[in-house]
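Q: A single structure is presented below for examination.
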Amino acid sequence: MCKKLILASGSPRRLEILRAAGIEPEVLVVDVLELTADMPPCDLVIANARLKAEAAAKLKPHSLILAADTVVALGGRIFGKPKDAADAAHMLNELSGRTHSVFTGVAVYQNGSITCGAAETKVTFRQLDDAEITAYVTTGEPMDKAGAYAVQGGAGRFVQQLDGDLDNVIGLPMRLVSGMISLAEFVESKNA
């Protein structure tokens, strides 16, 4: 029998990434006030992932907990999830024809301590025109995504170059996660 991993996130994308690796975590959505302070994006995502792991640990203190936070950064500015359609269009306009970084912070709580790390992937968008930005925003897909896009969805066609791990851009850098915890003990057997 495999151990149960607690995913402290309501992100369907993080859940999909874990399921693709054969892991069926218990999902625990925690309500935390995420930091938006003026700090480097790498530090920000680690701090927010830690907050989520700490909140989940209060509810499940004897569990192995995985939490994450993702932001998009360009020229010293951080792009979280858009507030509305106009904000999403503005973000996509800013990213158009430029290279930006996607940072995901990961926090793992186990046996009373938290280990943190972060991954960065550089993404270059081709030049986007107003009509395709409007059409994409109208789909609603950008509304709950950092940077207002889903690389695994309709925005995949915007990407000209990707330097780093795709799963980091989607929201959970599995190479980093597997370096922090042994995922093998959480893989569900197909024969069980």
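Here the Cβ of each residue, glycine as well, is placed from N, Cα and C on the backbone.
Just lifted these from TrEMBL, have a look:
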- Arg13: site 'Important for substrate specificity' (SITE)
- Asp69: active site, proton acceptor (ACT_SITE)
- Thr70: site 'Important for substrate specificity' (SITE)
- Gln152: site 'Important for substrate specificity' (SITE)
Q: State the three-class DSSP label for Gln152 (site 'Important for substrate specificity'), counting H, G and I as helix, E and B as strand, and everything else as coil.
A: coil
Q: Long-range same-chain neighbours of Gln152 (site 'Important for substrate specificity'), Cβ under 8 Å, sequence gap at least 6?
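A: Gln152 (site 'Important for substrate specificity') has long-range Cβ partners Arg13, Leu166, Ile170.
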Q: How would DSSP class Thr70 (site 'Important for substrate specificity') in three states?
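A: For Thr70 (site 'Important for substrate specificity') - judged by DSSP and reduced to three states - the answer is strand.
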Q: Counting across all protein chains shown, how many other Cβ atoms sit within 10 Å of the Cβ of Arg13 (site 'Important for substrate specificity')?
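A: That number is 20.
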